[in-house]
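Look at Swiss-Prot and you will find 1-35 tagged as signal peptide, backed by sequence analysis. For 36-613, 697-857, the entry in Swiss-Prot reads topological domain 'Extracellular'. If you look up Swiss-Prot, you'll see 38, 42, 108, 365, 378, 404, 443, 461, 576 marked as N-linked glycosylation site, on the strength of sequence analysis. The transmembrane segment annotation in Swiss-Prot covers 614-634, 644-664, 676-696, 858-878. Feature annotation from Swiss-Prot assigns topological domain 'Cytoplasmic' to 635-643, 665-675, 879-959. Annotation comment: Swiss-Prot describes 943-959 as compositional bias 'Low complexity'.
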């Protein structure tokens, strides 16, 4: 007897027992081990089938189909499945004489009825089941498929938690919502929206899909600010209450993930609430294109509801097979539209048929056996013995997973996670009278304006810079992406935490007048708030007891704990705080400096040496001697003042060199080269003298202050107490970053304690120095009568900002407003209003060593002078060698005469007179050289004339 007949025969009490026992059968988790062992036994027995003789094929094979007939998906799936069955049976190349028989069951949108329908299908010994369309029903009947080893191919269950590990016989032939949520996250990131509100149906598909979206957004530093769940089958009143509540929140970006049969009601209610106007962003998952595609014609009223909505639709590759199927659809369902789930259902049937064809060609047979687990339910009135295990189910499932062919939806192939390969979505913008394609998404290339299949041949590239979409028109006919958020209209003001300071109250402090606080930081915040394009109701809340400065780290933690929406004050932007809150653009520069007592430096008898560094003195002195030697070489042959005994010439070189320092040299330069070198050198001396005079004047006239502490390095190594301000980050920085012992750090309450601790010093219970931020020190030094100064350099660089909760959009708008205040000069005006301090003395000690003139300031002058000397020396020696060459014949005759008188002289000795002659030529006066050359030329002329006369006389005698 059939299953339904059995239910009709029992009484009402027995019917209740039937339901309970059915559910117990479905959720038999403890029986999993037995199922596994039975699975292995059946698979091992079937593995030997290849060794057996060829089996006779059955005349027909039963396949189940389970979905809701009266639904957008079901109305498209049923004719598609029937058409696929007819096509398979008509195709002689597939199954070859075996009739494919599909048994239909209506789940009627009910998990219970769907489960009953699945059990009825199993009674008919089906080898596979196609469906269901609902993820919730798929979860339930997957347990049945696991127990009976029947592959379950769903063309509509997109829930990403339907895992192959939990349900090894479940296979999704459509796209996984895991990829759709990645596509939506990429679109949100592309548009710059960091907070969204998710509106979803409260079932497995809705909850789990939105959960995946939240995880993906978290990786992109975005988040779902609120999850608004809709009860399945909710009426308009419930939806209205939900939308009214989310409309009071700050986010204006809504992701709608509901069922296609009731989803349009969400937009109808939103339209009536004015939530489809400019400033709103609506993003719908594939349910909306499914609903619209299922309509033969989308009427104008429906399109009016959806103006500006962005939707994602399953992308299927355009092909001739797809076009033929779409043309055929008009004959199958002339009054209904065509959606993607019809194609997935059609391909699912063909997938089963092709897998069966491979199954039979491998000489496998279809056999069923009783499940021993079902016989343990003694006393049950349900005929569970009618349910049989498909013995070859595991092998058949492996064949299905290994299939690789092309269907109506494109290539049908599965990856290691049993998902369709190359998932892709079409991005639609609903505007005007029909949806418009603005781009595509795939896990291979992200957002793109070209078809995904054209990019598969290229390397994967999902970088942010590679993302592209066409222009989108948002609700209200807005072409620019909306900001995506507004200040929440829930009647709650912005909670602003303000430190209740007791020191440096010009920055921030308590005030008796509204709004209860005052100071530089408050004025900056108020000025920035006024620049925002929307009103921000706010209330200031003091933090601290008013006796000591509060801990700023604790104040930031209050923002993290949602006790404050923002912390406003002199809050330093440091790395540790940025991990938990979002800071605005800094509105004032800051950094840690060291303040120490100073005293006037004693005058030194060697102060005249301080203008130059040691290297500068050495190079300058060397150049004085070098230039003096160069001038002596160039003038020695021309100028009598540079000639004489060696002692006199050496004195002349030193005297001339250093007398040029004061431009008082009495020796005149005669040669052109000497004058050229001297002019360049006097210019260098002029620059050096002027710089020396200016530097020495500064050193002797400006008050010189000294301190035992020279900067943060000497302070760290001194082992003396260090003062810090209560509540600031300076203490943690010194301990954690500079490894200073906590016992050395002395917290100070206010300016009076600062000055008192510095005056007493470390030996009298005070401190050696204070480490604090520069803005505070500027105020402190105005009241110190120049007794204290900053020493060393600022050793951190940071600023003050306002601390907002993580991912708060208000932080971005406030940063923009602060930049605008800076560009317009308003920040400077506020600074002058509160912090216009005039310092009678310099804040920092001027170190004489830092003001010394070094060689790097003058090396260019010395280089020019050196090049000039080298050029002059080159020209000089070239002239000397030229003159020597002209005197060379006379010297050669004398050398040969010497060789006759001293035949035993060596080769080295024979070359010596030439060098001596060269030295003699260099040492001779220029006038003497010219006279010798003149005489030599005259002798040569006379000898030429004598030779000519002798030649003429000889010619006469011959004649």
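Placed from the backbone N, Cα and C atoms, the Cβ positions cover glycine too.
What you are looking at is a predicted structure, and each value in this text was computed from that prediction instead of being measured.
What Swiss-Prot annotates, mapped onto the structure for a quick look.
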residue	record	DSSP class
108	N-linked glycosylation site	coil
365	N-linked glycosylation site	coil
404	N-linked glycosylation site	coil
443	N-linked glycosylation site	coil
461	N-linked glycosylation site	coil
576	N-linked glycosylation site	helix
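A 10 Å cutoff on Cβ-Cβ distances gives residue 365 (N-linked glycosylation site) a total of 15 other Cβ atoms nearby, all chains included. You'll find the Cα of residue 365 (N-linked glycosylation site) roughly 22 Å from the Cα of residue 404 (N-linked glycosylation site).
Contact count against the transmembrane segment (676-696) (Cβ pairs under 8 Å) is highest for 858-878, out of 614-634, 644-664, 858-878. The most densely surrounded of the glycosylation sites 108, 404, 443, 461, 576, judged by C-beta neighbours within 10 angstroms, is 443.
Checking each of the glycosylation sites 108, 404, 461, 576 against residue 443 (N-linked glycosylation site) by C-alpha distance, the shortest gap belongs to 461. Distance between Cα atoms for residue 404 (N-linked glycosylation site) and residue 461 (N-linked glycosylation site): 25 Å, as a whole number.
The two recorded residues, residue 576 (N-linked glycosylation site) and residue 461 (N-linked glycosylation site), show a Cα separation of 34 Å.
Between residue 461 (N-linked glycosylation site) and residue 108 (N-linked glycosylation site), the C-alpha separation comes to 43 Å.
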